[in-house]
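The following features are taken from TrEMBL:
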COMPBIAS  549-559  compositional bias 'Basic residues'
COMPBIAS  561-582  compositional bias 'Basic and acidic residues'
COMPBIAS  656-672  compositional bias 'Basic residues'
REGION    527-672  region 'Disordered'
REPEAT    223-256  repeat 'TPR'
Amino acid sequence: MATGGASVASLWTEVNRCGQNGDYTRALKALTKILHENRDDVTALHCKIVCLTQNGSFKEALNVMNTHSKVLGSEVVFEKAYCEYRLNRVESSLKTIEAAAEQTDKLKELYGQVLYRLERYSECKSVYTDLIRNSQDEYEEERKTNLAAVLAAMSQCFPVWTNEDLGLPDSTYELCYNTACALIGQGQLTEAFNKLQQAEELCRVSLADDSDVTEEDIESELAVIHSQMAYVMQLQGRTEEALQLYNQVIKLKPSDVGLLAVTANNIITINKDQNVFDSKKKVKLTNAEGVEYKLARKQLQAIDLNKALLAMYTNQADQCRKLSSNLQSQNPGQPRPVLIQVAQLCREKQHSRAIELLQEFSDQHPERASGIKLVMAQLYLVQGTDMDYSLIAQDISALVTMYSHEEDIDGAIDVFKQAIEHYQSQQPGSAAHLALVREAANFKLKYGRKKEAISDLEQLWNLICYCFSRNRQNTNDIHTLAQLISAYSLVDTDKAKSLSKHLPSADAMSFNVDVDELENSHGATNVRKKAAKVPGENLPKEQGQVDIKKKRKKKKGKLPKNCDPKATPDPERWLTMRERSYYRGKKKGKKKEQIGKGTQGATAGASAELDASKTASSPPNSPRPGSASGSSSAPAGGSSNVVPPRQQKPAASGATRKKVPQKKKKGGKGGW
């Protein structure tokens, strides 16, 4: 027995030494020998579970805990919950933590991680806030980083506090990065981009101090920051820069499958229905193993939606229907999968089936019906089908637009009338009531219903005066009064004059406006600026000094060429020649001079003198080689002086096409 005791003691020494060195594989061998001696040794079992966990053998560690659950009891609650968490059994891990008799700090840390994975961000925030407040150890910075990550995730759902509000500094690049993510969720893109640049600088500085870290390691660590910077650029409309940065991240091939999936998905959104071949390559990165455990539910849904859209763009109808149907079954109240199915049906010209699908969704989910019914209305308009628009949309502006599209002005006015009557009975004098009456009047004026518009404007004016008398509004609406006067001026001028007395005077309506500032403002056009005054120009004048005004010399107007100023101008000079009384037309019968019929450069008058055939000693006319008989042309072999055409016409069928070289004229306007 003494020998056995000494052997066990030496084994424990080996376990302790291996644990300090991080050699958990050798420690497991020693623990196996110890458990061979005593199968129910609680300490040895606990150490074995820790070693298996450190080696990543979570399933084996969980099997040991389940096998010896009676012996171990509550000794390994944290290890069990952690193994379940790492095996992505998040719900089981949550139950294990909540069933624990005592909530230790390490259990609370794990509890926060589990809540984050379950996207229960409000509870997770409370856990980390409590941990930061009540603990003081070397892990405070990690807790603050996790809390910042929770705030960033919450900002995607609704506006939340920033890191500064909770006293979280930007001392590390992780904290700075999470702050930037929170700013993105709040729509503060410029501030978020600046924070990401700050995070990049902090990352480079912190990693440069480590001699074992290479430049490739730094770029790999910066990949997540660069991907987020590209996302901000994409939101700002800088798609070319964003695409370039996304592709740089993809080329690095980071080990984080979640980062690769998000980056590839964002590239697909930039490509849209263009560059489909590249999108099909990138979509494979979103199918990597373990992606579903790295991303939030909202991110996974966005990726699946883009897969369905890509299938539609690549004419994979069956694949598109399959993906969108799966999405709809996972999220029954989400309209996007239904809209993708409808778009696919429209591509197949099945508009009736698409309308039926929309109607089914609208009946099942009336709270989402407003947008769906507008899509139905659009499909009805595409088909040219008659419809009852009141069954399609409840929104007043949408109804008015639809009735106007069908040129049913009375129907649109009736919509306004019903809405005004509703607000008159329920919320008289409210902002919505006044806005409806005003829009009704503008609509009627637009379509020439002046008397009906005047009635609405009078009602609006009376309502405004009533609200003013009850101190519910600070000032009278001059615009409405002016509009009413303008409408009355078309049908009843006396009434317009009587109402114009209520308009304020010009002095009362004057505003303190800086004219110079207004003229120099952006958008001011055709403004003449005064010349700068010369110093000493406004010196006091001496007595007797009189201002002498300089007279400008008037320039004489230029007369047209060949104009006799003494002759009386032709009174019919403004008419065309054919319309003048003395025009007699061109005389017919006379032979025109044969212009351009001789050799090039010859004139008609000199042609007879230079014609050798008319002299007595000239030989009979004979054809020249290279030209047609009896024709006059350029000498054979000479250069042609014909101007080439500006536009080449297609040659006739069977003929060859030759491009005539264009000649350029030096100087002058236009050239050839």
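Cβ coordinates come from backbone N, Cα and C, glycine included.
Those TrEMBL annotations? Automatic predictions, nothing curated.
Residues 173, 177, 180-181, 184, 189, 192-193, 196-197, 199-200, 203, 262-264, 266-267, 269-270, 282, 285, 294 of the same chain, all 6+ positions outside the repeat 'TPR' (223-256), place their C-beta atoms under 8 angstroms from a C-beta of that stretch. Taking DSSP states H, G and I as helix and E and B as strand, the repeat 'TPR' (223-256) has 27 helix, 0 strand, 7 coil.
Across the compositional bias 'Basic and acidic residues' (561-582), DSSP assigns 3 helix, 0 strand, 19 coil.
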